[in-house]
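Participant: Dropping a structure here in structure tokens format, bear with me for questions.
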Amino acid sequence: MLVVTLPDGSKREFEAPVRVADVAQSIGSGLAKAALGGIVDGKMVDTSFVIDKDSQLAIITDKSPEALEIVRHSTAHLLAYAVKELFPEAQVTIGPVIENGFYYDFSYHRPFTPDDLVALEKKMTELAKRDEPVTRTVMPRDEAVEFFKKQGENYKAELIASIPQGEDVSLYAEGKFTDLCRGPHVPSTGKLKVFKLMKLAGAYWRGDSKNEMLQRIYGTTWLRKEDQDAYLHMLEESEKRDHRRLGKQLDLFHFQEEAPGLIFWHPKGWSIWQEVEQYMRRVYQQEGYQEVKAPQILDRGLWEKSGHWENYKENMFTTESENRAYALKPMNCPGHVQIYNSGLHSYRELPLRFGEFGQCHRNEPSGALHGLMRVRGFTQDDGHIFCTEDQIQSEVAAFDKAVRAVYQDFGFTEVAVKLALRPAKRVGDDAIWDKAEEALRGALKASGQEWEELPGEGAFYGPKIEYHLKDSIGRTWQCGTIQVDFSMPARLGAEYVAENNSRKTPVMLHRAIVGSLERFIGILIENHTGNMPVWLAPTQAVVLNISGNSAAYAQQVQQLLKKQGFRIESDLRNEKITYKIREYALQKTPFLLIVGDKESESNTVAVRARGGVDLGVMPLDAFVARLQQDISQKVGPEPS
């Protein structure tokens, strides 16, 4: 008798091996119809999977968290099926699941067009409506190579040939189309109801620029139409908020070919930068950090000692001078250890906290560069804490408190915490990593935090806590980190004198709150759609005169406000006031101060807040009070 145990603890007995679909049918016809797959003893499988021993089983339906992966994987195959139907000469390559959807790469003699996407989506809908069964077969590797060669699918044959000899491979067929895949897949194409093809792109075969350029089709798939509609709406909002477009519209920064991945900051953009930097400098001071500055270029020998040369060389810019090899720093930590090592330290001095607005350079692939979000040159609010093992928890707890206060001030209230654990490529032995990971777990527990663990995602020198911010349209951004490092201080000879006069190696905590200032400013721009809070706005108010008669008073108002430390401009052009109002509204200026004869005579200003909100006529002192309040509270005015 074969026993299948269900998630609620109930058991089903069967006299012979049984398919997942049959177990679902034994529970109820509704569940059988809804089944998309199963989880047998922790492994995701098709509904056709045969259970031949006592097992635990969970049926995957559209209510299961695993459902989207199966549906998206199956939709990628549906796309490939449609391509082969409409373009029989196209060759299929790979089609993985990615965040929010999938892509599939094809080789074809001409570029696909937007019209082709429309036709392909229509064909996919037609194939889905046929509700053709999706069947799995297993084939020896060599037989599978010949199978795909006969079909003219040379890329698939090459992929399978790279699998070790003697291994079997699984194939999935729907209608006339067969593809290589580990699975699992939906039981039939009729389960695929909500999908959309999104865009076209190029991609090299196997990611190697020496190989053929393939055509990549991106798509998205969802279990419910309302989920897809929400996702598409979010994409529309993302387009409106694109910091690259807003950076140009608001005259904040630009990029050019002569400096790929590097930013030309304009006065208004640099004003935002300065506000963020000065704010973070105050955080350094409040949290007991000493600000330092380390060199940009360091000898190769130091990078070899730190482990960067072995583990990070491909991302470093290198140069030579007088027969010595150097590298532009990709990280600030080795420089801070040198500052620490310049003197002898006692245990009484620990924790010792250094902070730097450290400019780093990383040789990112050109295809990965993306505005302010992915650059080759960036500045971090980078701090390093030298402490004892006993001080780790209290330092991490203090950092956690500070990081949340900072995010609150910048307008982010939803913060998720993740713990990134040891990667495959790392320095230090497992005992050191065990100690480091447990130290961070203990600190999170002591802080009362909930967290998600990310195996393999840590830095090469230590595990890290990551802070992920949710923005105003629901996207998440990883910004702050704190990492425990038992390895680098020892590699670079850092020591302190312990209470018993012995020499010990300090623990080093790497921490950043906003991370890359460039990226964080890009996030701020998109979060606020360019409507920066008053305290960050490059121009906090503009004085607009209605006619030449009030020009002198407009200048007087501007000067009075500037003397009080506000960022104020005036526009005295001989243009219609409606034209000037519209122009500065497009610039997303927080306040417009309109002055004419009446305002000049009464020493007042007519105030319009962002979004066309009329705040009426008020004495200048009253406007100053409003401005000071908004700045101190780090708020509005919000666009209507």
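Each residue, glycine too, has its Cβ placed from N, Cα and C.
When I checked Swiss-Prot for this same protein, it listed these features:
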{"type": "DOMAIN", "residues": "1-61", "note": "domain 'TGS'"}
{"type": "REGION", "residues": "242-533", "note": "region 'Catalytic'"}
{"type": "BINDING", "residues": "CYS333, HIS384, HIS510", "note": "Zn(2+) binding site"}
Participant: Quiz question: given the binding-site residues HIS384, HIS510, which has the greatest number of C-beta atoms lying within 10 angstroms of its own C-beta?
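Facilitator: Most Cβ neighbours within 10 Å: HIS384.
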Participant: Note the Cβ centroid of CYS333, HIS384, HIS510, the recorded Zn(2+) site, then list each other residue of that chain whose Cβ lies within 8 Å of it, in sequence.
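Facilitator: Residues close to the Zn(2+) site, other than CYS333, HIS384, HIS510: MET331, ASN332, HIS336, VAL337, ASP382, GLY383, GLN483, ASP485, MET488, MET508, LEU509, ARG511.
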Participant: Could you tell me how many residues in the domain 'TGS' (1-61) are helical, how many are strand and how many are coil under DSSP?
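Facilitator: Once the DSSP states are binned, the domain 'TGS' (1-61) shows 14 helix, 25 strand, 22 coil.
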Participant: Just to be sure I understand the packing, how many Cβ atoms besides its own are within 10 Å of the Cβ of CYS333 (Zn(2+) binding site)?
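Facilitator: That number is 24.
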Participant: Over the domain 'TGS' (1-61), what is the model's mean pLDDT?
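Facilitator: For the domain 'TGS' (1-61), the model's average pLDDT rounds to 93.
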Participant: Helix, strand or coil for HIS384 (Zn(2+) binding site)? Use DSSP.
Facilitator: strand
